[in-house]
């Protein structure tokens, strides 16, 4: 095929390859630039992009582009689509431009014939090479098929226009893009298709024998084609799920084949396993509803349909097709069960040929056969439209939750079977309350009800037939209403609060009776008083019953009548008991019936009363609940049982719901008796019986007493076992020395298990080290020192340790041997004491022999060297080495060898004589100076000097120079042969002889050291055995991506808006890694990178150190690299292992193809790029970066063939000459640098109708594969050494923990932005606290193993993929309520009886925010999410259905943490306002004076208050961090770190964080307003302006700080007369600390916060911001008015009750004025109310004064400035004269002025808060304008008060220097150039 040779090659290096034919001349100067095939109009892109791409690849461009123009014109005749007219114009211009050039190039007479010729050449090439399996050839074939397919379409178009018939393309030529499995006929030789399990799965799917054949069904290849033809699923969905099921079957079959069936045939075990996983939820749902499952399998005895496996696969395939096309319905698993229930019935009817009894015709699908989109249009779209309309009702999350139905409401709809099948679109389910006002999504799909009917189950027909014309109404909420109320906390966890309240009451009663002994409670009076707790219990039950009615009032329409009756009965019963119990208690106070005991026991006598009898009856009525509490297994069985008896028993306790049943755990199993206690007994007894008498240290216990063992065991028992197991590997390895031991211990373990284990570990270890070098964490020298050689001797168990482990060992051995006095045995024993030293000596000797044997090639020289070696070895064997050799000369010999090895490494031929001289020096030193008896050597040399004369047979003495070449016969082979292994040996020996480093200093990079340390220690942890790669569970990784950085661009590296450039910052923060990078690139500085064209490498280096998507993709693709290496070790023989993994991949193409195929079979990576489609259409650089991730080979390590991109395409289709938006889920992969579409699945509308991220995950989850799924955020990372443990992790899914295997596996997270810990101490606090949050508080082994309450929080957890795809996915997507969408996956799993566990032996990297402002935004977002969780049905059901202990753990690890913080802060306010009341009212003073008169001591109250003050510092929030650090590093180190952090003001940070949580939790719970807060994830340290800090913290911290400060000042002013200063300080110092922290912490932790230049700039910016008017389009960072309006957004949609509460809370500010005006000197001790009223007159006058000034500014300041100034002067003088007059006449003092300020300022702020709460009522009046003026004045005043101390401190240079040193102490310790970073962009750009 010579004509096509030029068109054949496919250049994978270019992003847009050009393919040319032989007709193209070699010169390409006349060829214009390719036509842009990527930026196309949305209405045309998918139809014409392929034509334009091929046109750019071949030179027959004009006809192809003309075809593209024709297609574009046919799609949009009027050019009404966006950008269509411009596209047509540019394409026509290009056609005219190419007319003449194309005509001259063609070989044939016409375009038609030219196209035919090229088309035939491509088809011939395809036919000849279709059977080849080489990957490069296969890529060329794929490209040729794509071109041939497009050419065929063009030929057909030209044929229709011109008349000649075009050739027909056969099936092998058609382009079939594939994801993992190439299922087309031309790909049978692909490596992955050769796997027996794949063949078995394909054969099972293609088994369509016996399936009913209908006329409308055409040619079928497999079951999916049959289902597609009958139910009208989309082709893309069918292709996607076909591959999905084959891979599931293959992976399940490979694990079952060894047990049941041969691998060549699909066994029933694999199919049954999938059936159980897929349909467990469906069958449980059917049982719960009392419906018969429609999964009906034929009996084995039947003869007509004996293929049960075929039936099972059809049902699985049907469910997958429904799930794959369900779009947002995937969030509603029971809705999918409903759809599958009816379609499974239709499928069964089709299989058995069921007949409709009414029509007598065969039952056919209700929605099938019309079009490809019948299922989408008729089933998915109607339900989706309900979801969409309801989501519109939420008004972007601002509407009350009770006004719209979320996913859970629709999923739990009780009337699902009333909808019928076909769907009755007139049912109330499809009615939205205000649907007329809701705009539908712009789509051309019209929901058309199919006219065909089918006969379903009889009961469904009866329910589905109702009278027409009924009035439609909105169904409302289902089962639960998310009302905004703090009562949710009590209602959800009522058992806990009842326990706390009742226990507190009992303790108070006991304290009041001065109970000192437990026996005293049996006193009749005390006992009856204690029994009064049951009255409280009855009251609490009444509250609970009333709350149940109140919170379910809005679901009364959908509530069952029996539930309504039960709630009423509960209220009535509670009211009765509230009446009966107090009456009996009051009437029986002195009426006891006492009985004496006859036995004289400790009771003495016991008494009963009517109240006790009533209590007994009360307890009997609650006996069932008590029994269920103590025996939760019974309650679990009752809840999960569908028997009518048990449902009746559970009717009174809880409503019968499908979700949240049977979550109780056996109380005994909570302590893991069988796993933790019982196994320890036998070894304990054995140890106790040993009685060790001999110890290696001083005996602390006398000899012969086994007490030491007993004491040791008792000490170990003091620690909880899970913590001992968890912490032991970390405690054992607390230093680098321990790390070295831990690193190499696995080698011993492996070598003891199998013969080749050491060799395999060496390969893995070297791959890890090379990867560290590739990541620039280590240098070339460190890589050489840490790499282990791989000689063939490894299979004998011989290990050559890394050089760094042998560092300085050889030199030490030489020193020992040089001065050693003794015999050889003693010397050998001394050397063997240190195994590393002995190994170094032995290896150096072996390397010396081998190098000399290769270097010296002369016969004489070889004989001499052999003789010397024999002398040495003989001396060693006879133990005479010290006698035969002078070892004192060894250092000189070492120096000569070092010189020789350096020459050998350099390899310069010009230094040949230097090598000879070095060898001669070695010879002379050994023979003359070291050998005692050298006669044999010299005899051999002398004998060789005599040469026999051939003429007279005489011997002639000729002196020969050793190692000197003679007569063309070389004596020395220099340079050494080009052998990689020999060069490595030379370098290794040189390192062994010269290295002086200490092993503990290698590697020098802290991150590399940390990773190696963790990897080593994790190998000692308990983990499942790793199976072979082929037998492991398959898995996928899913990463959602929005608009975050993919790669830093060249411009971004050098420019920065706020600080230094990113590149400069990276160079200073990672100086060692930058140095290693330059070394790897072979450049001396960054300029060399540009000159040598290595800009892309520079971009990657910087991007891999930021929070970019490229870093995440690189880390996740390590899974594939690890799996390939592990598969190689599984499959390779010893010879391949010795050659090495890289060599095998390069040379053994068959093995390489098998490894790639196996990796594809087990691993898939999907990045769900939400904006990729729009970015690609607009030409956004991020789209190009995304394509580069898939296509570009960064280096040998970074190639991403498994990466796929899923995105939602929003395009326009022209319908009736109008564009309509159409949405599709698209999966693409890389092909020749461009994106190749694999699957396209049309959606019913826009998917992002909720929180965004859940929908982004949901649309892409259908493209994932495998049994497990890992959820990864885009700012995470992974490590190669951790990826090697993924097989062990996945095996955890097969480990049963209790009754069920885990469904979510939590992994440890390492905060990689913790490297910035060395920059700011606040980041260090956050790093450690994030570690505690991610590992300790939510992943504590004790909690997860015993209480099982650990929840998923988003990443990097592994999911049981099938479990979650049948139960709603890996997140929830309802707007606002699911703001923290990830944690709801854990809630949902627990509610559906899944099991979540946590694993410590694998870590994944995670980036966190590194600035205080970003951290605060993140905490605000998390707090908002927890506020919404408080309202959710998930928390309510968890709190109600968990057993008591798990309920407690659930509360304190979720919303309880935030609620307790809020209560703590509220407690401070209550205390201070209580003190304010006592002081201002004079009550406290009166009490103290009265106590002094009666000589009573009230100091105990002050002592109690002082003792509680310490916990108010917020230090307890750091306790989890201390515990985690203690377990990680040891408690002494943890204590040191904690003290250091306190010196760096960690308490300030934690206290400030408490304010953030308190503010946002309370405000969101009361008013709403939860929203996602982007943090930016900046990588540079920058100075935050004063304006930005004020905007972020004004209402959350500053206002509250000023309020506390005001309270403390008033408290201090008016307590002096009767309270000591010490008492005041002791009681209030924590509050002073909190108030000052809330006011000034943002400035304290702000880089350059006290720099005078920055402060001046901040002041100018602040004044500009505060005075700027707001308006439409003005952002809040530009104007105070815009910010203020945005800050009140939560109040605009707040409910009436919330507004009332806000008003009531604001009333507290009026207390100042009311209390203080009576303490003014001017009041003259008058207590009349007139004084208070006069204060309001003064306040009104002040307001009028402010209003007058403002009006004057508006009227006079613009034109009459002088008049305005005179007006202000007049007002000032008037106010001053009034003050002077009052001071003279009414005794107004200066203190009165201060007190008036303290009184009136809070009153004004209280009025502002009230005005904001009632804004809708006053917004249209003039009063609101005055409120705005007043608020601006308050904000300006608070800003000045805050700014003043900052400016004063900034004026002193020492403060700025001190702050810099304080903030960047760690940076200074690391010698980072922090000053250059802080200088900012002025100098460094």
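Glycine too: its Cβ is placed from the backbone N, Cα and C atoms.
According to TrEMBL, the feature compositional bias 'Polar residues' maps to 11-26.
Residues annotated as compositional bias 'Basic and acidic residues' in TrEMBL: 27-39.
For 310-424, the entry in TrEMBL reads domain '1,3-beta-glucan synthase component FKS1-like'. Using DSSP to sort the residues of the domain '1,3-beta-glucan synthase component FKS1-like' (310-424) gives these counts of helix, strand and coil: 72 helix, 2 strand, 41 coil.
The region 'Disordered' annotation in TrEMBL covers 1-40 (among others).
If you look up TrEMBL, you'll see 441-468 (among others) marked as region 'Disordered'.
Within the same chain, residues 521, 526, 529-530, 532-533, 536-537, 540, 544, 1439-1440, 1444, 1447-1448, 1451, 1456 sit at least 6 positions outside the transmembrane segment (493-510) and bring their C-beta atoms closer than 8 Å to a C-beta of that stretch. Taken from TrEMBL, the feature transmembrane segment covers 493-510 (among others).
Annotated transmembrane segment per TrEMBL: 530-551 (among others), in sequence order.
What TrEMBL records for 571-588 (among others) is transmembrane segment.
Annotated transmembrane segment per TrEMBL: 608-631 (among others), in sequence order.
Residues annotated as transmembrane segment in TrEMBL: 1450-1472 (among others).
Annotated transmembrane segment per TrEMBL: 1505-1526 (among others), in sequence order.
The transmembrane segment annotation in TrEMBL covers 1538-1556 (among others).
Annotation comment: TrEMBL describes 1626-1645 (among others) as transmembrane segment.
The transmembrane segment annotation in TrEMBL covers 1729-1746 (among others). Away from its own ends, the transmembrane segment (1729-1746) comes close to residues 1713-1714, 1717-1718, 1723, 1771, 1775, 1796, 1799-1800, 1803-1804, 1826, 1829-1830, 1833 of its chain (Cβ-Cβ under 8 Å, at least six residues beyond either end).
Sequence annotations record features per position, and here TrEMBL assigns transmembrane segment to 1766-1786 (among others). With a threshold of 8 Å between CB atoms, the same-chain residues lying at least 6 positions outside the transmembrane segment (1766-1786) that come near it are 1722, 1745, 1748-1749, 1752, 1756, 1793.
Residues annotated as transmembrane segment in TrEMBL: 1793-1814 (among others).
With a cut-off of 8 Å between Cβ atoms, the residues of this chain six or more beyond the transmembrane segment (1793-1814) that come close are 1599, 1603, 1606, 1609-1610, 1613, 1688, 1691, 1694, 1699, 1702-1703, 1705-1713, 1716-1717, 1719-1720, 1735, 1738-1739, 1742-1743, 1779, 1823-1824, 1827, 1830-1831, 1834. If one looks beyond the transmembrane segment (530-551) by at least 6 residues along the same chain, the residues whose Cβ comes under 8 Å of a Cβ in the stretch are 480-481, 483, 485, 487-488, 490-491, 494, 497-498, 501-502, 505-506, 509-510, 521, 567-568, 570-571, 574-575, 577-578, 581-582, 585, 611-612, 615, 618-619. The predicted model assigns the domain '1,3-beta-glucan synthase component FKS1-like' (310-424) a mean pLDDT of 89.
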